[in-house]
């Protein structure tokens, strides 16, 4: 449990950074706006998961460390912003790290609440992508998951991979790292080579 | 209960189809995007209702048949897409069938959870329209219920009709069909003749 | 408790008015659309708070007076619309009154559910601003809290002020009026003199 918790807090920090950076892509926000977007991005997915699974108290309401992690992310974004020479790439990397970590965190949480494997994978994906969806909807941007890139699909593949390895008895921590890495690698490769899924309607 | 359940699954299929078709109106999505929209459209309204009424587990988390119904809807949309010569009309018909079924399904569910009649009608309407609202918000489209057409109002009228007939002791299944048909007929007539409610501000 | 309840109902009326007026800023809605926006604006924030805190039944589902307050707000907006010579100013005043009342109502509710002070302030702010956020998202408008004005920040300052006065043993009703007034005054001054927070990224 200890390591999962560290993964969760680390995921919260990187998602808060990605939220703070993403907000700026569109328009100049004041510090409250940035803090709000960082917060929404970091806790939105987990909140949706917990609302759907009736898991209370919500993580960020019960555990101030999650709040501190968000604040740390905001601080880091503010401090190092001017050193990020290529903002889009930086944002992409933090976001990728975030979805990789949160997919597995969310999947494990859902499993621990007793849902079936299909729902666990969906919940892992929700945990990973929904904070970003909320953030994008609030700034009137079409969410990344609906544009041409492979994004949520990477989370789903990573989640399925976790379940398969788990069924072979692979250690949870190792499985976490392996499956999370698969998500990150898929995401990075598809962005780098501009790959996309086939269109639904030909 | 048996027939209501079939109505609910059938409503899920038609809403998934309408979601898959609606998404395409705007932009070319990959299969994941289409699946996501179909899913959101089909389960969004019921999820909001159950969150508001504290009814757990959520229908789609507990019952894989709902998931299969969504998948069936996606498959049907993909298979028969090219045979739908007039897409807007087809979408409209599936959507109309969906709101007619889900209004009554949602109203009955809310009643069974012990709310008063006013809230039950509101919950029926939410169940019917909110999946589409979520879908439209996610693709940055103004939700149908806020444009000039009579849409949610048809659901409310049908819901009130159900309550009136119910108070006269009309059989639940017959009542379901009658009140659902009223919703569909109102919707179709108002679209065909381009009717709308009076504006609030003169 | 009595007075808090009256504050809550009064806040619901003014938020319903602000919702009905705000909707019209963008496009001509029919009476259902206006009613829906008034409803969402008035109950959206409290609903999010109660979902996050697992507080059921939701206020508006359990207490028809809240529904009546929304209907009263809609009626007042419809009746007196033509006498509001300067709509934007009128909307701003009702909205300001609404956030001032709901911040403290929401904070007190959260406190009564046993959360820590940080979360109580956040919940007060959510209660105040989230109805408007939902309304704006639904009409594809960038929510007020993300534009340049001081808005949610005023709620947070007022909430912190309430906690400080509370720690000094100030009477709850007096504290409500003082802290609520601080929110309203901050909001009015910043709008009048066009003040804003510093940008996050220089």
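Cβ atoms here come from the backbone N, Cα and C positions, even for glycine.
TrEMBL entries are annotated by machine, without manual review.
If you look up TrEMBL, you'll see B:6-81 (among others) marked as domain 'Glycine transporter'.
Summarising the annotation, TrEMBL assigns domain 'Glycine transporter' to B:93-165 (among others).
Residues or ranges marked as transmembrane segment by TrEMBL: B:6-23 (among others). Listed by sequence, the residues of this chain that lie at least six past the ends of the transmembrane segment (B:6-23) yet keep a Cβ under 8 A from its Cβ atoms are 29, 33-35, 37-43, 59, 65-66, 69-74, 76-78, 81, 84, 87, 90-91, 94-95, 97-98, 101-102, 104-105, 131-132, 135-136, 139, 176, 180.
Beyond the transmembrane segment (B:30-46), the same-chain residues lying 6 or more positions past its ends with a Cβ under 8 Å from any Cβ of the stretch are 12-13, 15-20, 22-24, 58-60, 66, 69-70, 73-74, 77-78, 102, 105-106, 109, 126-135, 138-139. Taken from TrEMBL, the feature transmembrane segment applies to B:30-46 (among others).
Residues or ranges marked as transmembrane segment by TrEMBL: B:66-84 (among others).
Residues 15, 18-19, 22, 40-46, 48-49, 52-53, 55, 95, 98-100, 102-107, 143-145, 151-152, 155-156, 158-160, 162-163 of the same chain lie 6 or more positions beyond the ends of the transmembrane segment (B:113-134) yet place their CB under 8 Å from a CB of it. Among the features that TrEMBL reports, transmembrane segment is placed at B:113-134 (among others).
Positions annotated as transmembrane segment by TrEMBL: B:146-165 (among others). Sequence-distant neighbours of the transmembrane segment (B:146-165) (same chain, 6+ residues past either end, Cβ-Cβ under 8 Å): 99-100, 103-104, 107, 117, 120-121, 124-125, 128-129, 175-176, 178-180, 182-183, 186-187, 190-191, 195-197.
As annotated by TrEMBL, transmembrane segment applies to B:177-195 (among others). For the transmembrane segment (B:177-195), same-chain residues at least 6 beyond its ends with a Cβ under 8 Å from one of its own Cβ atoms are 7, 92, 96-97, 99-101, 103-104, 149-151, 153-155, 157-159, 161-162, 165, 170.
Residues of the domain 'Glycine transporter' (B:93-165) grouped by DSSP class, helix first, strand second and coil last, total 59 helix, 1 strand, 13 coil. The DSSP breakdown of the domain 'Glycine transporter' (B:6-81) into helical (H, G, I), extended (E, B) and coil residues amounts to 65 helix, 1 strand, 10 coil.
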